[in-house]
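**Q** Sharing a structure below in structure tokens format, with a few things to ask.
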């Protein structure tokens with residue numbers, strides 16, 4: 001009997017090809033379109049209506065059933081509330097990571113199983129491998145598109161039910177497959193930005209949910225060089241949008257955000273990309289999650305990323321205790337950002353990671 005796979009279909013080319021490949025591999029395939037955001041569903045910023053139309057057109061083309069489900073309540077409670085909480089505390093969260101572990105691979109997975117699915121699948125660029133009774137999350141073959149960073153919070157139960165049909169393909173190959181199959185999404189551009197913000201200005205969006213609290217921009221020595229609009233709008237290493245380019249007595253080098261003093265509501269800035277305050281030897285992380293269900297060895301050489309699309313950086317886990325980890329890098333890392341995730345790898349295997357609380 002054919003295994004039934006419930007495929008998350010977003011209306012984009014990747015999930016379209018994922019569904020097509022699974023159908024060709026002999027699975028019974030059902031597409032499931034998720035709606036995760038409702039507050040201001042304007043076509044300009046959140047094109048969910050068009051995405052559903054596109055997903056339906058693809059499902060019709062390849063001859064599969066498409067269902068739709070609304071997870072906006074779950075998204076608001078499990079992802080968006082944390083997003084606002086983190087920004088209020090001066091950190092820079094990554095809601096896509098929480099969306100994966102709480103919505104796409106929890107709420108979606110539960111719904112997929114309720115629909116009688118044996119497995120679920122998405123168009124993520126990653127791979128799953130079973131080895132010695134454990135499921136491993138592997139990097140995709142296309143290193144420029146690998147999304148394992150966003151999936152590091154998945155667990156054994158989730159991975160055991162998940163297929164990533166695109167993990168061994170390059171992006172250009174996926175476009176070619178879509179064109180050859182005549183899929184309506186073959187030329188559709190990739191979506192960018194946080195899913196619920198879309199293409200809209202970030203400050204405009206955030207100010208609707210959190211109060212603005214303007215304050216001073218200062219150098220580490222305490223010199224006032226400008227005014228900020230609210231600490232929540234800025235992140236470590238930020239260069240654009242500071243409004244202090246022509247500050248008097250400046251040495252002509254660009255300004256970068258180097259810290260936030262939450263108690264005084266002061267934004268700390270420095271000049272020069274390689275200023276010492278922007279270069280870090282390591283970090284402390286909490287909220288740890290290890291995919292295998294057990295901690296990795298300490299004082300062992302791994303690699304880690306502290307942001308998406310960053311090259312892997314050699315590191316050691318110096319300490320693991322009380323739910324926190326201290327990670328030291330072989331060479332200095334630039335603008336490590338509290339609230340972002342550090343994700344640890346051993347070769348192409350994603351081991352897990354945690355949320356950065358501070359840089360060292």
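Every residue number used here counts from 1 along the chain in the order it is shown.
Heads up, the Cβ atoms here are built off N, Cα and C, so glycines get one too.
According to Swiss-Prot, the active site, nucleophile annotation covers 99. Residues or ranges marked as active site, cysteine persulfide intermediate by Swiss-Prot on the basis of sequence analysis: 195. Among the features that Swiss-Prot reports, ATP binding site is placed at 8, 9, 10, 11, 12, 13, 14, 15, 34, 123, with the record citing sequence analysis. Annotation comment: Swiss-Prot describes 99-195 as disulfide bond. Marked as site 'Interaction with tRNA' by Swiss-Prot: 124, 340.
Walk me through where these features lie, including what they touch and how far apart they are.
**A** Other C-beta atoms found within 10 angstroms of the C-beta of residue 99 (active site, nucleophile) number 25, with every protein chain shown included.
DSSP classifies residue 10 (ATP binding site) as coil under the three-state reduction.
Taken residue by residue with DSSP, residue 99 (active site, nucleophile) is part of a helix.
Around the Cβ of residue 124 (site 'Interaction with tRNA'), 25 further Cβ atoms fall within 10 Å across all displayed protein chains.
Within 10 Å of the Cβ of residue 340 (site 'Interaction with tRNA') there are 24 other Cβ atoms, across all protein chains.
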**Q** Same-chain residues six or more away whose CB lies under 8 A from the CB of residue 34 (ATP binding site)?
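**A** Correct list: 8, 10, 68, 69, 70, 71, 103, 104, 108.
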**Q** Given the recorded positions 12, 99, 124, find the one whose Cα is closest in space to the Cα of residue 340 (site 'Interaction with tRNA').
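**A** Minimum Cα distance from residue 340 (site 'Interaction with tRNA') across 12, 99, 124 lands on 99.
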**Q** Could you tell me the maximum Cα-Cα distance in Å between the residues recorded as binding ATP, namely 8, 9, 10, 11, 12, 13, 14, 15, 34, 123, rounded to a whole number?
**A** 16
**Q** Have a look at the binding-site residues (8, 12) and report the one with the fewest Cβ neighbours inside 10 Å.
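**A** Result for the binding-site residues 8, 12: minimum number of other Cβ atoms within 10 Å at 12.
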**Q** Quick check for you: of the recorded positions 12, 14, 99, which have their Cα within 10 Å of the Cα of residue 124 (site 'Interaction with tRNA')?
**A** 14
